[in-house]
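Let me begin by presenting the structure, written as structure tokens, before commenting on it.
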Amino acid sequence: MNGNTYKRVDEFSVILNANCEDELLCTGYRSNRLKTGLCYVASFFTVGILILVFHWKPSWSLKAKFSKCPVKDAEIVLLQNSHGELFTEKLFTKFVAESGFISIKNGVTYHHRRPSSITSVPGRGRSTSINSATTSASEDDDTVALLVGNNKNQVRIKYFCLQKVMYLWDPHGNSFEKLHGLDKDTLCANFYDDYHGFSEEEQSKRLAVYGKNSIDVEVKSYAKLLFEEILNPFYIFQIWSVILWMAEEYYYYSSCIIFISVLSIGISLYETRRQSITLRNMVAHSSTVQVCREDQSIEEINGEFLVPGDVIIIPSTGCIMNCDAVLVGGNCIVNESMLTGESVPVTKTPLPHSHDVSEESAFYNPDEHKRHTLFCGTHIIQTRYYGSEKVKAVVVRTGFSTAKGELVRSILYPKPLGFKFYKDAMKFIGVLAILALLGFAYTLVIFIRDEVPVKHIIFKALDIFTIVVPPALPAAMTVGTVYAQNRLKRRGIFCISPPRINVCGNIKLFCFDKTGTLTEDGLDLWGVVQLQQDHLLKAVQNVDELPRGPFLAGMATCHSLTMIDGNLTGDPLDLKMFEATNWLLEEPGKDSTKFESIMPTVVKPVTADTFLSKDASEIPYEIGIVRQFPFSSSLQRMSVITRTLGAPNMDVYVKGSPEMISSLCQAETVPDDFHEVLHKYTEQGFRVIALAWKPMKSKFSWHQSHRIGRTEVECELIFLGLLIMQNTLKPETTPIIQQLKKANIRTVMVTGDNMLTAISVAKDCGMIETHEKVIIVTGVPPMDGRPASIKWNYEENPILKDEMDDPNTEQQTYHHTMTIEEGSNYHFAVSGKSFGVIKNHFPQLMSKIVVKGCVFARMAPDQKSQLVEALQEIDYIVGMCGDGANDCGALKTAHAGISLSEAEASVASPFTSNTPNITCVPKVIREGRAALVTSFGVFKYMALYSMVQFISVLILYYIQSNLGDMQFLYVDLVITTTVAVFMGRTEAYPLLVAKRPSGSLVSAPILFSLIVQVLIQVFIQAGAYFCLLAQPWFVPLEPQPNADENILCFENTVIFLISSYQYIILAAAFSKGRPYRLPLYTNILFMASLVLLTACTIWLTLYPTELVANFMQLMFPEMPFKFRCVILAFAAGNLVASFFIEDCLVDSWIFKRCIKSVRCKKASKNKYKTIERELMANPSWPPINTFIMSSDMEISSEDVTELLPDSNLIQ
């Protein structure tokens, strides 16, 4: 079946959306009564614990209660996405009207695929008859049973929904297909030929399948949120702990924990609901729209009832779109800042409607035809129509399938970060749980030995779990992130994904867009270069001096500018170009007689010798812009069809990248020195735009101009010349790039601009140093029977297009061997075309290209995303900074995307900066490093806090004692909670250093620190305990049947006081300062809390009042003052030892060198480091001035690193 998006795995599983970003492994299951019954029995005997486990792990519940079966027989499916996440979804059935279902089945859902033969295209949409689409009798019975309901006029469809996306059962492919609108494999011509409006009946039938056109963000009730919150493992563990403490009569402590938990839950519920309401209000939009009916009447309906295929009328006063629709009549000026973050209005024109199915562009694609698509959520500012014609559009997607719906889905269901720190944290909690089990066993042995009552044994043994695994650990680990988010907000940087702040602390590479990011947003027209016969003239910097002719007319007309509220608005480049002509632009008025039957946008000069003619009978020199083909980044050009008043024919003007324009021109019109002149200006950092034109035949009419395809217009052009645009670096760019390079963060430029211009800017801003070589990688796709090839050239001697196309050039190339010194100081520069060739024909080389690539030019938006993904695949933590709509995909793909958009709501990236330069980048990285170090410090502190209390309790359990209620309260709430909250307030260090903080909790320094600190705490507590036993006045505890009477004893007092100091000391020792955070003393609240807590503990040690001593259950009068000073001495020794380990040993270069020698570290786990070493060890690669054919690369990836430029590679 042509166009299948699924792949069969085995008899039970199928891959949906194969080879797509949202690929799913779908496995079928059906109920099994025996297994379900056993699960109920197990749940009863585990007192509901199994039910909780199944709630946390639905996939376990599915496998325990259901049995695998073929997908077509399934009652429920298990889905696994490309990130390894598991989902369980029930299958539902519903009945829809047969004709409506068949219409949708053939027009949208199942048969919207490219035909197997391009000579015949099956009927689409309404034009498909019901009889021709009915299920054939030869289909197997199972397929028929899935389709036909009891009512002959209805059809039963089977489906499931995953994250707001519906999947329908496809009986022809025995799989599920995503429910599509008209955005998949629909001929552009069909929008004009087949869609003229639905009847109300047909619309309601389609609505039964597609559902309402709304983007509903569920705002859950407080009761539902509370139920979901308290079923969280964290709160279940806390509830269990509180019940246990209450049973042990720890009433004060339990009451405080309950109060804090209720307060925490209340704040969490309020914030969750507030965010849901904010998102709902942001995306909610309800309005009425005018739709065309089948009988050509116009009806106003609620926008919720729109379905794909509806024809809507765009009001002249503008509106906010509530669906994705393709424009089929008239023009629209649209503000798309809601989706792209780019506030410059764009012009939307009608969709071209070629009937030639052999053309790739003949099939509608929302990305390729975005300049003809009105996206949901965008603001239509202005519409333009001709005569009595209405501006019409055909609905292609509704609800969550729209572009806006996809963005909302990305917010509701974000991709998992997969950050190593979070994975290691969960592993560490598992280690603590194992320690708790050992402590549980120890408690049982000790208490059984001492013949303690069974009830007391159970309580104390279970207590171990609440001590070793701290319930507050997950909440405490977010403290640093919360503070960092607030600090970023104060600096004008907004974050919608707080967990990514920690990820920023480990960024290894940052990609930058060029125009508007590294360079000024506005361009200045430096000059123009005109063509004279077969060569280009010198640049003319005063455009006013240009004579009337095609070049000047092209500058005045080839743009997408429009008047909004009396102001000329549009792309900054177009504005500069048009303003340089000193012409006027007039929008359509009432007069519609000058240019045949319409009044297009008109441009005209204002100089006295042209427009203001003394001869009143002379026809004014005015040019009307009849039709626009908007700029496309993938096509690298835009064009217009114009009509000069009084002229016998229309003209076409095309503007775009010089490389693209020259390829579309007649070869004899391209000057001989084209490449030489282009190289001259781009090498100096200028942005170069080429102009071309051609006159159309006199018979070419207005109606033909609006039906002709773009490819028919943009061909056989006559080359006119070049526009030289000056784009200066922002003053902040170079210092920031240097700062990042000093911090060992690689910088890469990803731009849609010319290669040599991008290289020049990279050199100017310091991405490429003066002593470093630039090697341009040129890829040529297969042509004329020759395989794809790559050639490597130094930037000083770039390969020209003609040279690549000349087969005789292959014998003229030579090989240059690089030395190791040169090999370590070179960068690759790659164009978008070459990037595509490498990706498709040389995948083995992709990792090498991106490791050494510094400049990626002429990159299409999807290629920017592919580059980010390629970098991530070799273990780079990637940041991306951009300002335009073309960067949205890369911003979302990167680990940390920063948008420089000034738009109010930019949901395309995790970070948005309201400062339009890259100074935000080091700020985000510094805060990320500070947050990551804080998270490590808090985690280590909470782990050591648990271990200190664990040690204390084990020592006291040995004598059948324990800490008292008030003592637990003082340790857990007064000390631990206070310092854990204030630790994260330490601000980021103002400088970026070369070494990144560790991103793993299982790294040698972290593990060494934790283990040694635990040993120190054990040694100090044990030392103080045995010192107490050696005192002549010491009276050991005689255990009493009542556990409360065993708390007040010398052993308890010593252990409690020593451990209290340990909590404070560890908090200070783990609160690291330089080089990622400011020194400890700058955190005023944290320092104040440490001083107050230390003073309070010293007071409890030396001079507590009798009332306080009794309240805290301390042996005050009986313990001599001299021994109290000994306790202080132990605490001082602990302070010195802990700080020595953290500040003098763990962070020292001697320790790191010792660790390296002990570990005998093998090759780096990071793939990019391995590739770097391989390139350093192979000075003969890349083979300069040598062609490499794709046929030569059909070897294993392991052999690629050994490729040497021998005779078989030199053609």
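Backbone N, Cα and C define each Cβ position, glycine as well.
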| query | Pick from 317-340, 461-484: which stretch is listed in TrEMBL under transmembrane segment? | reply | 461-484
| field | Stretch carrying transmembrane segment according to TrEMBL (options 252-270, 708-726) | value | 252-270
| message | Taking only the residues in the domain 'Cation-transporting P-type ATPase N-terminal' (178-250), give me the average pLDDT of this model. | response | 86
| message | Looking only at the domain 'Cation-transporting P-type ATPase N-terminal' (178-250), how are its residues distributed among DSSP helix, strand and coil? | response | 41 helix, 2 strand, 30 coil
| In terms of Cβ proximity under 8 Å, which residues at least six beyond the ends of the transmembrane segment (1121-1141) contact it? | 1009, 1012-1013, 1016-1017, 1020, 1023-1024, 1027-1028, 1031, 1054, 1057-1058, 1061-1062, 1065-1066, 1068-1069, 1098, 1101-1102
| query | Do we see three or more Cβ pairs under 8 Å linking the transmembrane segment (428-449) and the transmembrane segment (37-56), pairs being at least 6 apart in sequence? | reply | no
